[in-house]
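Working notes for the structure below.
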Amino acid sequence: MQLNSTEISDLIKQRIEQFEVVSEARNEGTIVSVTDGIIRIHGLADCMQGEMIELPGNRYAIALNLERDSIGAVVMGPYADLTEGVKVYTTGRILEVPVGPGLLGRVVNTLGAPIDGKGALDNDGFEPVEKIAPGVIERKSVDEPVQTGYKSIDAMIPVGRGQRELIIGDRQTGKTALAIDAIINQKGTGVKCVYVAIGQKASTIANVVRKLEEHGALANTIVVVASASESAALQYLAPFAGCTMGEYFRDRGENALIVYDDLSKQAVAYRQISLLLKRPPGREAYPGDVFYLHSRLLERASRVNAEYVEKFTNGEVKGTTGSLTALPIIETQGGDVSAFVPTNVISITDGQIFLETDLFNSGIRPAVNAGISVSRVGGAAQTKIVKKLGGGIRLALAQYRELAAFSQFASDLDDATRAQLEHGERVTELMKQKQYAPMSVAEMSLSLFAAEKGFLQDIEIAKIMDFEAALLSYANSTYAELVAQINETGNYNAEIEAQLKELLTKFKSTQTW
């Protein structure tokens with residue numbers, strides 16, 4: 001049978017009219033593979049980087065790899081029941097967490113859900129976990145102190161509001177203890193605290209929460225938990241979630257302190273995710289952007305100026321600066337600070353407190369190595385009296401360490417060297433401090449004054465801790481006015497010096513230690 005051209009064209013038109021275009025929604029996709037918490041999705045042409053993807057069972061995944069014909073996403077939560085062919089949907093939102101003063105005193109997970117059994121959160125809205133750090137013009141230089149309550153740190157390595165001060169050391173050197181004491185010392189100062197626990201045992205975190213509660217510091221602290229049993233995705237995102245909660249206070253003209261415990265575990269979680277997403281590995285198998293991972297997080301800790309706060313609050317808060325101070329913790333292996341992640345974080349932060357195993361084991365706690373610990377901006381924020389009296393402490397310790405090494409080889413030492421060694425020994429002993437016993441500015445100043453002005457020279461080294469405890473007790477009971485004055489003003493002048501001398505002379509005459 002032969003068809004003419006008219007019939008052929010009619011037949012084609014008829015077929016075209018009968019053809020139904022199956023319109024596939026651009027926001028629906030299908031899972032094509034599930035491996036170790038990473039899902040690969042086909043479809044989702046409109047998906048954005050970092051977007052939340054809705055999964056069955058009220059779960060979400062975050063899109064991290066956008067490839068030509070598929071998307072790599074990391075599941076936030078259990079993934080064992082996800083299979084090929086499951087439909088997923090874009091949400092058009094990036095991950096947000098609850099913020100506000102209602103979170104203070106609560107323990108939450110990475111997504112901001114309460115896990116302390118105290119009921120629902122009274123939050124003040126939601127904010128994204130990923131934010132751009134304030135620009136140069138919006139910042140203000142650091143000039144107010146954050147007192148950690150440790151003599152050795154506040155005298156030698158001072159921390160200012162808006163600073164990033166790294167706490168670095170091997171395992172079991174007192175890194176967490178130092179950070180927790182810094183949080184406890186903020187009680188009554190108006191500084192809001194955030195403690196982010198990454199990849200730790202749940203029992204360890206429970207112990208930290210109990211200690212904060214015992215010392216009355218939990219009421220002004222938010223605890224964000226991504227324990228070792230949580231997925232790598234939640235461990236990687238926990239610091240960003242905690243930072244957003246801290247920024248809420250900074251942007252409203254308040255002061256906040258955030259502790260990341262610790263960023264080594266976050267880097268390991270991020271490495272795991274990146275390798276599963278088949279991103280090319282670099283040094284120590286970390287991905288190429290692990291520096292950016294930490295820099296974009298730590299740059300968000302800053303001191304912002306009054307104009308920024310006024311603009312952010314639409315004129316509600318005027319003439320007040322806000323700050324977010326960060327104390328990131330990094331765990332080293334065998335004291336190796338030249339490994340990839342430690343060098344990265346050292347270069348990002350404004351100084352580091354280096355804790356040493358040898359010092360810790362020899363009973364010097366906090367085990368601060370004064371030689372390589374430094375605060376790059378904290379000096380401008382130091383309290384006047386502590387700055388004046390603590391100036392000779394670092395020098396005394398440095399000279400003592402050098403002379404102690406030298407004196408092992410020298411049989412006979414001259415009097416000046418022996419005096420310097422004895423002074424160094426006493427200062428080293430004085431720098432020891434018990435956990436959960438933070439000191440006020442006045443107490444710290446009194447101890448430093450005693451060391452600086454030679455009041456310890458005739459005290460036995462074994463008795464120095466007892467001498468200090470008795471001295472502080474005597475000062476708080478007999479010279480309460482002077483203690484209150486120093487705590488309030490932090491000033492140091494001839495009059496205060498004379499009063500401190502009188503206090504120490506009278507105390508030494510009592511011989512009550």
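Indices start at 1 and increase along the chain as displayed.
Cβ coordinates come from backbone N, Cα and C, glycine included.
According to Swiss-Prot, the protein has these features:
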type    : residues                                                       : note
BINDING : Gly169, Asp170, Arg171, Gln172, Thr173, Gly174, Lys175, Thr176 : ATP binding site
SITE    : Ser373                                                         : site 'Required for activity'
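The ATP site is defined by Gly169, Asp170, Arg171, Gln172, Thr173, Gly174, Lys175, Thr176, and by the 8 Å test on Cβ atoms against their centroid, the other residues of the chain that qualify are Glu331, Leu355, Thr357, Phe360, Ala367. Cα to Cα, Gly174 (ATP binding site) and Ser373 (site 'Required for activity') are separated by 15 Å. Least packed by the Cβ count within 10 Å, out of the binding-site residues Arg171, Lys175, is Arg171. If you count neighbouring Cβ atoms within 10 Å for each of the binding-site residues Gly169, Gly174, the highest count belongs to Gly169. Around Thr176 (ATP binding site), the C-beta neighbours below 8 angstroms that are at least 6 residues distant in the chain are Val208, Asp261, Ile329.
For the pair Asp170 (ATP binding site) and Ser373 (site 'Required for activity'), the C-alpha distance works out to 15 angstrom. For Gln172 (ATP binding site), the same-chain residues 6+ apart in sequence whose C-beta sits under 8 angstroms from its C-beta are Thr357, Phe360. For the recorded positions Thr173, Ser373, the greatest number of Cβ atoms within 10 Å around a candidate Cβ is found at Thr173.
Of the recorded residues, Lys175 (ATP binding site) and Ser373 (site 'Required for activity') place their C-alpha atoms 14 Å from one another. Secondary structure from DSSP puts Gly174 (ATP binding site) in coil.
Counting in whole angstrom, Thr173 (ATP binding site) lies 15 from Ser373 (site 'Required for activity') by their C-alpha atoms. Residue pair Arg171 (ATP binding site) / Ser373 (site 'Required for activity') shows a Cα separation of 17 Å.
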